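Colleague: So that we are looking at the same thing, I have put the structure below in structure tokens.
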Amino acid sequence: MESPSFSKPVQSATVIVGTQFGDEGKGKLVDYLSDKYDIVVRYQGGANAGHTICFDNKTIVLHLLPSGIFHEGCVCVIGNGVVIDPAALLDEIRKVEELGYEVKGRLFISHNAHLIMPYHKRLDSLHEDAQGDQKIGTTGRGIGPSYEDKFARKGIRVVDLLNPEVLQEKLRDNLAAKNKLLKTIYEKEEFDIDAMVKEYAEFDKIIDPYVTNTQLYLNRQLKAGKTVLLEGAQGCLLDVDHGTYPYVTSSNPTSGGACTGSGIAPNYIGKVIGICKAYMTRVGNGAFPSELSDETGERLGQIGHEFGATTGRKRRCGWIDLVALRYSLAVNGVTEIALTKLDVLDTFEEISVCTSYMLDGKEIQDFPTDHQTLSRVTPVFKTMKGWKATNADARTFDEMRPEARNYVTFLEEELQVPVTFISVGPGRDETVFR
């Protein structure tokens, strides 16, 4: 006979994932949920993504620190899957402290997280410039080259900052190779090895109070009954394995990446909340079937303030794409949807939804992840009546405009996943729960 406890799930962790091309509004949801969880974890990416948070008439953009840092009872963790620019991280810590928030004792950084070095950033920009028309659209923050070194087993990790001899040896080995590349391939100035060794040796005492084995810490906290919220950067369609390759990021923003990027055991994951905008955006290059290259697309961008939080680049805009969303929901095992920026659609007479694609004369429902095929599809749209009014004062679904409710209900029926969170404005309180 099976033991009564044999199949009992252990579910104390929730993952928040972007289901589109990033920039879905994860910062607002994580900010709202942070005071309901004991620990908030960032599990992948680096300073190439920005989470925008609006509160107390302030707009704050975080690139590395988890959004929970603004909730005093919340512990924040930067996991092993994140690549860290030490100078950028310390600058972000300083800015948060200047706002009156305590960081020491509330922030833990994985000793296994890899570092972004100055040569990563320079090589990132040089490689992108050399691509010409084939540019990926990198932010130039050194993310890709840092991950390259990680998987080539040449990377420098946070723990190396605490060991001067190891740091010096790794820096000299890396710079010998990088300087040769800079000089012979790109014909650029080499880095001063001694100067960089001296600069990075000074991070030792500054970063030491934050560094720990976060894999063990998180699993022990979960075993003790603590709750954990995991926040990813970017979105599923930019995942290096599951996204629109090669126009992707260098890590795994998907829910599976939450485990590998934090060290949390999979059986602790109870919920996966998928975030999507009420429309769609993409920054940089790559196929975008529902893109609007007309006045409507411009209007979406202007109303939605669609400029990258990290680079300031203008985002491409289009209608929501249910083909892409169905794929993202499946890959991530999404249990509920958080719909953001519904207010951007408040002034539109009509709103369209991409429900399928046409490919070589046939209608398809499955999302092609290879860029060559995706770039050949054309969207099939269903047009709905807009609500032409604000929902900012609504706090329940019934208080929303009928046409807005119809829009949300249609998305639910098509996606077969409940929409439980609806952002009707940028503020913390401008939210409808179901």
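Glycine residues also receive a Cβ, built from the backbone N, Cα and C atoms like all the rest.
As annotated in Swiss-Prot:
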BINDING   22-28, 50-52, ARG315, 341-343, 423-425  GTP binding site
BINDING   ASP23, GLU24, GLY25, LYS26, ASN48, ALA49, GLY50, HIS51, THR139, ARG153, GLN234, THR249, ARG313  IMP binding site
BINDING   ASP23, GLY50  Mg(2+) binding site
ACT_SITE  ASP23  active site, proton acceptor
ACT_SITE  HIS51  active site, proton donor
BINDING   ALA309, THR310, THR311, GLY312, ARG313, LYS314, ARG315  substrate binding site
Colleague: Using a 10 Å cut-off on Cβ-Cβ distances across all protein chains shown, tell me which of the binding-site residues (GLY22, GLY25, GLY312) has the largest neighbour count.
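Modeller: The residue with the densest Cβ neighbourhood is GLY22.
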Colleague: How would DSSP class LYS314 (substrate binding site) in three states?
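Modeller: Assignment for LYS314 (substrate binding site) reads strand.
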Colleague: Which of LYS28, ARG313, LYS314, ARG315 (the binding-site residues) has the most other Cβ atoms within 10 Å?
Modeller: LYS28
Colleague: If you measure from the CA of GLN234 (IMP binding site) out to 10 Å, which binding-site residues from the list GLY312, ARG315, LEU342, VAL424 are inside that radius?
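Modeller: Passing the 10 Å Cα cut: none.
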Colleague: If I take the Cα of VAL424 (GTP binding site) as reference, which of the binding-site residues ASP23, ARG313, LYS314, ARG315 has the closest Cα?
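Modeller: Of the binding-site residues ASP23, ARG313, LYS314, ARG315, ASP23 has its Cα closest to that of VAL424 (GTP binding site).
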Colleague: Any idea what the Cα distance is from ASP23 (IMP binding site) over to LEU342 (GTP binding site), rounded to a whole Å?
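Modeller: So the Cα of LEU342 (GTP binding site) lies 14 Å away from that of ASP23 (IMP binding site).
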Colleague: Between LYS28 (GTP binding site) and ARG315 (substrate binding site), what C-alpha distance do you get in Å?
Modeller: 19
Colleague: Just jot down the residues in the same chain as LEU342 (GTP binding site), at least 6 apart in sequence, with C-beta under 8 A of its C-beta; none if empty.
Modeller: ALA278, ASN391, ALA404, TYR407, VAL408, ILE422, SER423, VAL424
Colleague: To the nearest whole angstrom, state the Cα distance for the pair GLY22 (GTP binding site) and LYS314 (substrate binding site).
Modeller: 14
Colleague: Could you tell me the C-alpha distance between ARG313 (IMP binding site) and GLY25 (GTP binding site) in angstrom, no decimals?
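Modeller: Just about 17 Å between their Cα atoms.
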